[in-house]
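Visitor: Submitted below is the structure of interest, expressed as structure tokens.
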Amino acid sequence: MIATPVKIESVETILVDVPTIRPHRLSVATMNCQTLVLVRIRCADGVVGVGEGTTIGGLAYGEESPESIKVNIDTYFAPLLKGLDATRPGAAMATLRGLFQGNRFARSAVETALFDAQAQRLGVPLSELFGGRIRDSVDVAWTLASGDTTRDIDEAERVFEAKRHRVFKLKIGSRALADDVAHVVAIQKALQGRGEVRVDVNQAWTESEAIWAGKRFADASVALIEQPIAAENRAGLKRLTDLAQVPIMADEALHGPADAFALASARAADVFAVKIAQSGGLSGAANVAAIALAANIDLYGGTMLEGAVGTIASAQLFSTFGELKWGTELFGPLLLTEEILTEPLRYENFVLHLPQGPGLGITLDWDKIDRLRRDTRKGASITMN
């Protein structure tokens with residue numbers, strides 16, 4: 001039976017500034033605060049869907065900032081969405097794509113909210129709209145990004161002993177190449193036999209630097225190298241993939257299905273980091289995964305350091321993937337000092353457990369969010385490197 005149409009009544013975008021538990025140092029920026037971009041869509045039947053379009057480091061990571069995401073949703077997306085049928089998320093998103101260019105993060109936030117509302121309406125978890133779960137939990141890596149070797153080792157020891165994480169991704173690329181390599185090798189030696197070490201360069205190296213470091217990482221048994229060179233250098237990424245003794249993962253080079261197809265056709269990566277926001281939404285991310293699987297490229301569930309909404313939306317989708325060899329890094333809420341859910345996400349025994357309820361399966365603490373929202377608390381703290 002075709003669902004009775006339900007009008008979208010309102011679309012609200014909220015910026016929420018939350019300090020991090022420690023400085024989070026990337027090659028492009030050092031974050032002391034994360035700005036969550038939340039979207040709340042109210043429907044005529046009383047259902048409320050939520051989504052998130054959070055990015056990293058303001059404008060340091062990509063072409064959308066928290067502020068631009070909010071302005072573009074409020075100014076362009078919201079007026080168009082009001083009055084559309086909320087029971088047809090695909091049709092609503094097709095309308096947006098047909099009229100507006102780019103804005104992948106903004107589109108992702110809106111699409112998540114629409115799918116959350118529709119799954120609630122149907123009384124099923126959001127994952128059911130993408131074929132259903134294959135797993136009820138996902139492995140979660142932890143990112144070590146203080147920039148201090150001793151501190152990173154101590155942090156890894158703590159979360160490992162707490163049975164929260166046993167895979168560690170090291171953010172590197174902001175220091176001299178030899179210093180970065182020494183930092184990684186020291187941590188790998190400290191954790192050897194207990195935890196797996198991977199590195200994320202965030203495009204900071206040249207091709208020759210990546211070759212030099214890759215040989216040393218292979219000798220040290222580092223498991224994975226993420227986006228070592230510029231995203232637009234696909235030919236270089238292919239050369240590294242062909243040469244490397246350590247698997248190469250594409251991240252910033254993946255802006256959706258078209259990039260996934262180009263990279264897969266060129267065999268320019270061993271692994272794809274799938275991110276819902278970077279892919280333009282849940283549907284785009286599902287298509288990226290399908291292309292990877294067809295090309296026999298491994299999958300990894302990436303993060304934009306989202307809060308609970310974006311994190312669990314990602315987990316809902318990743319739970320439907322037939323293959324998720326490299327697990328996920330859906331640790332974003334654990335990096336934040338404030339909890340925005342009435343019941344926190346459950347991280348236990350090295351995995352994130354998916355909730356069983358309808359939609360995203362979470363309940364937001366709107367009183368807390370109102371206290372943290374940008375119009376009552378100013379200032380995301382970002383240091384550019």
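Glycine residues also receive a Cβ, built from the backbone N, Cα and C atoms like all the rest.
Pulled the feature table from Swiss-Prot, pasting it below:
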ACT_SITE  LYS171  active site
BINDING   GLU226, ASP251  Mn(2+) binding site
Visitor: Among all the protein chains here, how many other CB atoms are within 10 A of the CB of ASP251 (Mn(2+) binding site)?
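Guide: A count of 21.
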Visitor: In DSSP terms, helix, strand or coil for ASP251 (Mn(2+) binding site)?
Guide: coil
Visitor: Please list residues from the chain of GLU226 (Mn(2+) binding site) whose Cβ is under 8 angstroms from its Cβ, counting only those at least six apart in sequence.
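Guide: Residues satisfying the criterion: LYS169, ARG198, VAL199, ASP200, VAL201, ASN202, MET249, ASP251, ALA273.
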Visitor: If one looks at the chain holding LYS171 (active site), which residues at least 6 apart in sequence have a CB under 8 angstroms from its CB?
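Guide: Listed in sequence order: HIS24, ARG25, LEU26, SER27, THR143, LEU144, ALA145, GLY147, ASP200, ASN202.
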Visitor: Looking only at DSSP and grouping its letters into three states, which state does LYS171 (active site) belong to?
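Guide: In three-state terms, LYS171 (active site) counts as strand.
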